Amino acid sequence: MTTTTVQNPTKTNNAAPAKAQKNYGKIVLTLHNCLLPESTFKETPSQADGLDIETETDLRILGCEMIQTAGILLKLPQVAMATGQMYLQRFYYSKSFVRYPMETTAMGSIYLASKVEEKPCRIRDVINVFHHIKQVRAQKPITPLIVDQNYIELKNQVIKAERRILKELGFCVHVKHPHKLIVVYLQLLQYEKNKQLMQMAWNYMNDALRTDVFMRFPPETIACACIYLTSRKIGLPLPNNPHWFLLFKVTEEDIRDVCLKILHLYKRSKVNPEELDGKVDGLRKIYQANKYIQAQKEREAKIEEKKAESPTASTSKDSKRDSKKDKSPKTPPLSSKYHGSHKKRERRSRSPYDRKRDYSNKRHKSRSRDREVDRSRERRLDDKRSRLSSRKYDDYDRSKARDRDDKRKH
């Protein structure tokens, strides 16, 4: 991590004092994984919102399992699934499970990981796969997802979750996976032909993604721990004088810590998603209620501040309002039959927009009235013309008939 300081040059002719030095932004350019400090693991945002450690760990395991299953159904490479699980783990060390739903974040994680690992998939496929996993997990009949308003809202939530993950990770999406390191280390130890050792170490690596070891230790330590654990499991001796992991600059203490984290994962009971959802929903309701109460208090505090800033204006307004209330209404006219509930109408100031709208309405009414008058006048004229023309035709027909009769007589 390097900082650059630049001092603005000052001219000797001017007597102005030199400006202070400016510390510009600190930028870290590295290909190593982002490791979190120990203080981050002691109190996470989820624990600050009232979630206990066991429930938080179960939610992390459940989210990683869903990403792994979805990646298999989407036919993504293992690297993309591992990247998505690491995004999920890192995100929830800066945000809370109570405020951001785990399932939506898992969708956004695998959707982003597929892009980063150059195996992009459609967001519709991701939503359909998670819908299928949810139905299988609840042992419900498999039904296709209906494309309606709920689907559109869920799609928008996944897109927002992806952006939120990018923001919280600081757009640092590069991940160095230990999977390749296992192959390289076994080649150096001349055990690359031992398929059992290779496969079991690979499996331990995939299971370690559900723990927080990738946030605590570099990938070299995790790769050595997986090989160490596998060799102990199958009873395969490895060089110990000196120890083989010293070649890769890894200590035995770190290896044992990683092994204990992985083995502790297998001792945990099976996760019940319904219980976890119930706990999180209860805490979410409490959080929303507290948020509403806090917003109301802030609103009241702002109103009190405004009143304190202008006490004279508020008192004058109150006195005017009280004087208006105290004034007795005018006496009604003599006929109480029609004016029993007579009250003075208060004058209300109207905006220029309202005045313009009323004027346009009146103008429109007057124009329509003029049009109706013109139309009625035209109708009358047309009727008069038609009557005159009908009389002319009638006279003409009578004269013709008279001439015809005269000719017959003669």
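Note that Cβ sites are derived from N, Cα and C of the backbone, with glycine treated the same way.
Heads up, TrEMBL stuff is auto-annotated, nobody curated it.
Per TrEMBL, these features apply:
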type	residues	note
DOMAIN	65-167	domain 'Cyclin-like'
DOMAIN	176-301	domain 'Cyclin C-terminal'
DOMAIN	180-264	domain 'Cyclin-like'
COMPBIAS	298-309	compositional bias 'Basic and acidic residues'
REGION	298-410	region 'Disordered'
COMPBIAS	317-329	compositional bias 'Basic and acidic residues'
COMPBIAS	339-348	compositional bias 'Basic residues'
COMPBIAS	349-361	compositional bias 'Basic and acidic residues'
COMPBIAS	369-410	compositional bias 'Basic and acidic residues'
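Residues in the compositional bias 'Basic and acidic residues' (298-309) partition by DSSP class (helix H, G, I; strand E, B; coil) as 12 helix, 0 strand, 0 coil. Helix, strand and coil content of the domain 'Cyclin-like' (180-264), in residues and according to DSSP, is 61 helix, 2 strand, 22 coil. Summed and averaged per residue, pLDDT over the domain 'Cyclin-like' (65-167) gives 93. Sorting the domain 'Cyclin-like' (65-167) by DSSP state (H, G, I as helix; E, B as strand; all else coil) yields 72 helix, 0 strand, 31 coil.
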